[in-house]
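Participant: Sharing a structure here in structure tokens format.
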Amino acid sequence: MYASREDIGYDFGDDSKVGSKPIKPNPNIDGGWAWMIVLSSFLVHILIMGSQMALGILNMEWLEEFNQSRGLTAWVSSLSMGITLIVGPFIGLFISMCGCRKTAITGGILNALGWILSAYVSNVHYLFLTFGVTAGVGSGMVYLPAVVMVGQYFQKRRALAQGLSTTGTGFGAFLMTALLKYLCTEFGWRNAMFIQGAISLNLCVCGALMRPLSPKDVVGEKCVVRSNSEDNRAKALSHSAETVKSNGVLSEESEKKEEATHEEVLDSVQHIETGGRSRSRRSMYGLRLLKTVSQLTLTVRKGFAIWYSSYFGAASLFTNRVFVAFVIWALFAYSSFVIPFIHLPEIVKQYNLSSQNNVFPLTSIIAIIHIFGKVILGIISDLPCISTWNVFLMANFTLVTCILTLPLMQTYVSLAVVCALIGFSSGYFSLMPVVTEDLVGTKHLANAYGIIICANGISALLGPPFAGWIYDITHKYDFSFYISGLLYMVGIIFLLIQPCIQKKQPREKSTEEAQV
């Protein structure tokens with residue numbers, strides 16, 4: 001039902017040449033160093049997403065320290081979580097220019113700096129800048145490369161790999177909550193943030209593990225043989241794929257011309273440098289500096305060209321209608337997952353279920369089952385007879401059904417069952433990078449997934465305040481679930497409609513060609 005990376009045609013080049021020369025597969029694809037990439041991504045999810053889910057501990061300390069309103073103080077953690085996702089498209093630019101490893105290492109330093117500077121703030125407004133913006137941008141610079149690298153290193157078991165790496169969010173929520181609670185009790189919240197900043201420097205180690213693949217290994221992805229079921233699913237979007245490919249070839253030719261011009265400049269500089277060894281060292285240093293600047297300029301221009309063409313050029317990602325529908329879906333999806341965490345305590349209090357909830361909190365049920373959901377859905381999606389797209393849609397349907405029915409549950413057992421289904425079905429988050437890569441290809445995964453998580457960030461930033469605004473007007477939590485569930489359903493309908501439209505277009509085109 002969706003196009004694979006081969007059909008979208010973002011990996012430009014002469015397919016005939018690639019097919020005539022069998023390329024020896026890289027042993028690190030789906031094995032070897034690929035599992036180190038999974039470990040790196042797993043640790044990134046613990047240190048970033050796990051820490052953000054544990055910010056409730058620090059939020060209480062900030063309320064007591066600065067004596068500000070709950071709404072104003074809550075914006076600190078909301079900014080950090082929202083900016084981590086919203087900066088995705090801009091982080092895609094850094095990845096195009098510098099690669100995943102350098103981007104992640106830089107982000108690790110910036111994230112640690114944000115934590116450390118926050119330990120010295122004098123009011124909550126400074127936290128907006130130090131923690132919300134600085135640490136948030138740093139988190140985004142590590143999070144996106146961690147997801148992209150897993151997609152590059154895995155082909156056959158991508159869903160399982162993404163599922164294993166993203167389980168770090170659930171483990172991190174438990175570990176970081178306990179750690180921050182202990183540090184705040186023993187050393188105070190300021191020293192706790194300073195220590196957490198030092199711990200966050202381990203993100204640089206995670207970034208160093210993100211060893212890039214050689215260009216021939218990336219090109220070699222075209223030789224991967226797909227199963228028949230994947231071929232059948234790919235036919236649905238072949239029309240839009242041909243359009244994007246035809247547009248992309250033009251930009252590729254212009255890039256090759258620019259690259260050839262820069263290579264001529266570099267060769268001339270190298271020739272002058274070789275012939276001028278008898279000159280003074282100052283001249284040699286000047287030539288080497290000129291060569292370095294020229295290489296840096298080539299890298300920056302090439303990276304910016306790829307980033308710009310992905311968003312605004314002829315080969316824009318937005319020419320793929322299914323991808324646009326995917327973005328619209330992402331605008332409504334994330335907030336529906338967050339809202340139960342906001343209103344579950346009120347539901348428990350209203351139905352006098354506090355004693356049972358204290359024994360085993362409903363939010364803990366969601367978090368624990370969420371971990372297993374990511375792994376199990378990943379394993380199911382990697383089965384040769386199963387469509388990842390269908391698993392993704394079924395999980396979405398289950399989640400939106402649970403969101404709409406949760407207000408109707410009035411006993412602890414029924415609420416626990418619904419919460420368990422919410423936790424399991426929300427495991428589809430691990431499939432989002434897989435579906436995105438199948439839509440646009442590995443080459444444009446960073447830019448495409450940056451747009452998706454940006455939409456999720458907007459949803460995470462505006463969803464909770466919107467739910468609170470509805471509750472203030474109606475004084476009932478039910479409407480928050482119903483409205484968010486209906487908006488979520490609209491996004492799912494977009495995902496269902498677009499593949500059907502794309503499926504009809506190739507048939508119409510073939511009929512016109514037959515008449516001609």
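The backbone N, Cα and C atoms fix where each Cβ goes, glycine too.
From TrEMBL, here are the annotated features:
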- 37-503: domain 'Major facilitator superfamily (MFS) profile' (DOMAIN)
- 33-55: transmembrane segment (TRANSMEM)
- 75-96: transmembrane segment (TRANSMEM)
- 103-121: transmembrane segment (TRANSMEM)
- 127-148: transmembrane segment (TRANSMEM)
- 160-180: transmembrane segment (TRANSMEM)
- 192-210: transmembrane segment (TRANSMEM)
- 322-342: transmembrane segment (TRANSMEM)
- 362-380: transmembrane segment (TRANSMEM)
- 387-406: transmembrane segment (TRANSMEM)
- 412-435: transmembrane segment (TRANSMEM)
- 447-467: transmembrane segment (TRANSMEM)
- 479-497: transmembrane segment (TRANSMEM)
Participant: Which of 103-121, 160-180, 192-210, 362-380, 479-497 has the most Cβ pairs closer than 8 Å to the transmembrane segment (387-406)?
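Facilitator: Maximum Cβ contact count belongs to 479-497.
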Participant: If you average the pLDDT over the domain 'Major facilitator superfamily (MFS) profile' (37-503), what number do you get?
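Facilitator: Over the domain 'Major facilitator superfamily (MFS) profile' (37-503), the predicted model scores a mean pLDDT of 78.
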Participant: What parts of the chain pack near the transmembrane segment (362-380), using Cβ distances under 8 Å and only residues at least 6 beyond its ends?
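Facilitator: Beyond its ends, the transmembrane segment (362-380) has Cβ neighbours at 159-164, 166-167, 169-171, 173-174, 340-341, 344, 348, 386, 391, 395, 415-416, 419-420, 422-431.
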Participant: Within the same chain, where does the transmembrane segment (447-467) have neighbours whose Cβ lies under 8 angstroms from its own Cβ atoms, ignoring anything closer than 6 residues to its ends? I mean 6 or more beyond.
Facilitator: 78-79, 81-92, 96, 143-144, 147-148, 151, 306-307, 310-311, 317, 323, 326-328, 330-336, 338-339, 342-343, 432-433, 436-437, 439-440, 480, 484
Participant: Rank 33-55, 75-96, 412-435, 479-497 by Cβ pairs under 8 Å to the transmembrane segment (192-210) and hand me the top one.
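Facilitator: Answer, by Cβ pair count: 33-55.
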Participant: I need to check the long-range neighbours of the transmembrane segment (33-55): which residues 6 or more away from its ends have a CB within less than 8 Å of a CB in the stretch?
Facilitator: 76-77, 80-81, 84, 104, 111, 139, 142-143, 146-147, 149-150, 153-154, 161, 164-177, 179-180, 196, 199-200, 202-203, 206-207, 209-211
Participant: Let me spell it out: take the transmembrane segment (479-497), skip the flanking residues so only those 6+ beyond its ends count, and list any with a Cβ under 8 Å from a Cβ in it.
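Facilitator: Sequence-remote neighbours of the transmembrane segment (479-497) are 322, 325-326, 328-333, 335-336, 339-340, 342-343, 393, 396-397, 399-400, 403-404, 406-407, 463, 466-467, 470-471.
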Participant: Go through the chain and flag residues at least 6 beyond the ends of the transmembrane segment (322-342) whose CB is under 8 A from any CB in it; none is fine as an answer.
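Facilitator: Those are 2-3, 237, 240, 363, 366, 396, 399-400, 403, 406, 419, 422, 426, 435-436, 439-440, 448, 451-453, 455-460, 462-464, 466-468, 480-481, 484-485, 487-488, 490-492, 494-495, 497-499, 502, in sequence order.
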